[in-house]
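**Q** I am attaching a structure below and will ask some questions about it afterwards.
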Amino acid sequence: MAKRNGTATTDFILLGLFPEFQYASFLVYLILLVYLIALIGNSILIFLIWMNSYLHTPMYFLLSQLSLIDLFYISSSVPNMVINHFLGKHSISRIGCGVQMFFCLTLGGAECLLLTLMSYDRFVAVCNPLHYAIIMNPKVCLLMTVASWTGGALNSLIQTIYTMHFPVCGLKEINHFFCEMPAILKLSCADTSDYEMVVFVVSIVFILIPFTLIMASYIHIFLTVLRMNSPEGRNKALATCSAHLTVVSFYLGPGIVVYMTPGSSHTTTLDQGLSMFYTILTPTLNPLIYSLRNKEVVRALKKVLRKNLISK
């Protein structure tokens, strides 16, 4: 205990995922397996998109960026959590905590913006197909990507600097498996109510507005799809859009609860459970949802496998 107190004077202490859970090691092994699935799934999806010319379209370009964000996003928290568990090391320096928070917020914000832009891409493809190639040209796609990464990074830089400047009292124990902003704010011995209001406003911009725009896009898409004469075209549009909508629900839904409701209204256990949705579960499900429900991706995968089997 003395050692723990000594560490707490200079470092934060990450208590880990559900510290009171009896089978913590089993849970960590399970998350490690999920992490490996996420790495393999997203890497394969990026490889297939970049190696097959018929997947060089705006939708798949944005999808490759989503997979890239997911790779970095899940890697910003899970490896550190797993290593800390097996080494029995729970301390993290203030700088290390700030760096982890910066990357998590950057990637989280970038994904919010990118999901919104992907819904716009689907809106144009379904509702205005004749002008799709003109509107969604390579320059626009590149600007969308740059805007997502830049917007996420700028917001993260401001939020991280402001959050880390608050004085922290006591043992500096973070009841979480990574340095997430709401968990850090709970440690502060200063009044954070004004800043929590700022976080709420920022969350409107990065979570609620994107969610509203995405839902509006899909309402227009579904109304357009219902008027289609071709059953094949209708099914293809619905399959692509339902996959995107599933991802959005898993990602933005928990984020609304964690960042847009008072911290006192939910427990740390609920916060950790919801955080797992957008930091671990969504990056793992994204490639599975998009590939299993997408004929072009499945065809590209079969083509690669067939080529390797023939070469052997």
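Just so you know, glycine gets a Cβ as well, placed from its N, Cα and C.
Pasting the relevant annotations from TrEMBL:
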- 26-48: transmembrane segment (TRANSMEM)
- 41-290: domain 'G-protein coupled receptors family 1 profile' (DOMAIN)
- 60-78: transmembrane segment (TRANSMEM)
- 98-120: transmembrane segment (TRANSMEM)
- 140-162: transmembrane segment (TRANSMEM)
- 197-225: transmembrane segment (TRANSMEM)
- 237-261: transmembrane segment (TRANSMEM)
- 273-292: transmembrane segment (TRANSMEM)
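In terms of burial and nearby residues, how do these features look in this structure?
**A** For the transmembrane segment (98-120), the list of distant contacts is 59, 62-63, 65-66, 69-70, 72-73, 76-77, 80, 92, 144-145, 147-149, 151-153, 155-157, 159-160, 163-164, 178-181, 184, 206-207, 210, 213-214, 217-218, 244, 247-248, 251-252, 255, 278-279: same-chain residues at least six beyond its ends, Cβ to Cβ under 8 Å.
Long-range neighbours of the transmembrane segment (237-261) within the same chain, counting only residues 6 or more positions beyond its ends whose Cβ lies under 8 Å from a Cβ of the stretch, are 59, 108, 111-112, 115, 118-119, 122, 126, 180, 182, 199-200, 203-204, 207-208, 210-211, 214, 218, 221-222, 225, 228, 270-271, 274-275, 277-278, 281-282, 285-286, 289-290, 293-294.
Sequence-distant contacts of the transmembrane segment (273-292) (same chain, at least 6 residues past either end, Cβ-Cβ under 8 Å): 17, 31, 34-35, 37-38, 41-42, 44-45, 63, 66-67, 70-71, 73-74, 76-78, 104, 108, 176-178, 180, 243, 246-247, 250-251, 253-255, 257-258, 298, 301.
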**Q** Quick one: average pLDDT across the domain 'G-protein coupled receptors family 1 profile' (41-290), no decimals.
**A** 89
